[in-house]
Amino acid sequence: MVWQSLTVTTQNEAVDAVSNILMEAGAAGLQIADAADRKNYLPADQTVLLDWTSVDFPTEGAQVTGYFPDTVKLADLLPTIRQRVQTLANFGLDNQPATVELNTVTDTDWATEWEKYYHPVQVSRHLTVVPKWEHYQASRRDEVVITLDPGLAFGTGTHPTTKLMLQALEVVMRGGERVIDVGTGSGVLAIAASLMGAKHVLGTDLDAVAVRSAKGNVALNPQVGSIEIQVSDLLADVTEQANDLVVANMLAEVLLPLIPQVKSVLALGGWFLLSGIYYDKVATIKAALQAEGYQLVEQLQMDEWYGLIAQRQPAKQEG
Ligand SMILES: C[S@@+](CC[C@H](N)C(=O)[O-])C[C@H]1O[C@@H](n2cnc3c(N)ncnc32)[C@H](O)[C@@H]1O
């Protein structure tokens, strides 16, 4: 199928408004290349699956590209689109240079264009994450490969918050555990826990898109053991009790209501691994864990992100 693409060159603060204009004109998809994203992303993680050196990315300003099926009469719409982009300046938005350029692309260009930016990456001592379209042969004897479709859900394994939990799993797991991964996203931690020898893993997520993505990724790794993925708001719909390990990579605001819930699913002496904690929230999360009777065993850090390894206090010995 032949698609038409239309690229607006503008500034970061006009990206949302331009995106709306293109969607209203009938774009079936958008691609945003924003210099601000590059600046925000680079300090967070230099060893990423996404290879920035191969990305044709603006160093200043932003480009919003809309992809339109050839049924949309884009040439007729062009003057209106141009005029609407120009008028954004009247709303106080810096939209310059506000140029609008029309191109033709094929379906394959659009569908697979982003794939070339993702490559296999070693994300922890043992784990390598490989995008599903790459052919990859493990080269180290103890290397464990996870195949992932880095689609819409969070969790390619390369973000510091995910890496901290992959490392924490490697620290505490010995094999045979029953594990719950709260906020599973792409399912990367659930798959990793299974490959580290968990007897059973339950991954949950509030977001139906994440649940679909995690199920798809589990299917891409037939070497995993028993993994179940379900929708749940935190642990609301989880009935499995006395698990050996709960892992959760979520922002502190979401971890705080989770912390008091975990006792209902975690055995005495069980591990509680937490990530997604920005540096200014560490003290609050530690205090919440201590108030619930957890012992803090280890603190991990990568950039401004923290991970915690906590243990539910074993029952006190009599006598
Ligand atoms: C930072 S991502 C972590 C993904 C993956 N576990 C990882 O470590 O890369 C957080 C995930 O938590 C999910 N989430 C947010 N709030 C939630 C809630 N109340 N209950 C369950 N999942 C939630 C989000 O949809 C998202 O997929």
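Heads up, the Cβ atoms here are built off N, Cα and C, so glycines get one too.
Heads up, TrEMBL stuff is auto-annotated, nobody curated it.
Residue environment of N249 (S-adenosyl-L-methionine binding site) contains 30 other Cβ atoms, counted within 10 Å of its Cβ in all protein chains. The S-adenosyl-L-methionine binding site annotation in TrEMBL covers T162, G183, D205, N249.
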Residues flanking the S-adenosyl-L-methionine site, with Cβ no more than 8 Å from the Cβ centroid of T162, G183, D205, N249 and excluding those residues themselves: F154, G155, M165, D181, V182, T184, G185, L189, A248, M250, G276
Cα-Cα distance, maximum over T162, G183, D205, N249, record's S-adenosyl-L-methionine binders, Å: 15
Other CB atoms within 10 A, centred on T162 (S-adenosyl-L-methionine binding site): 28
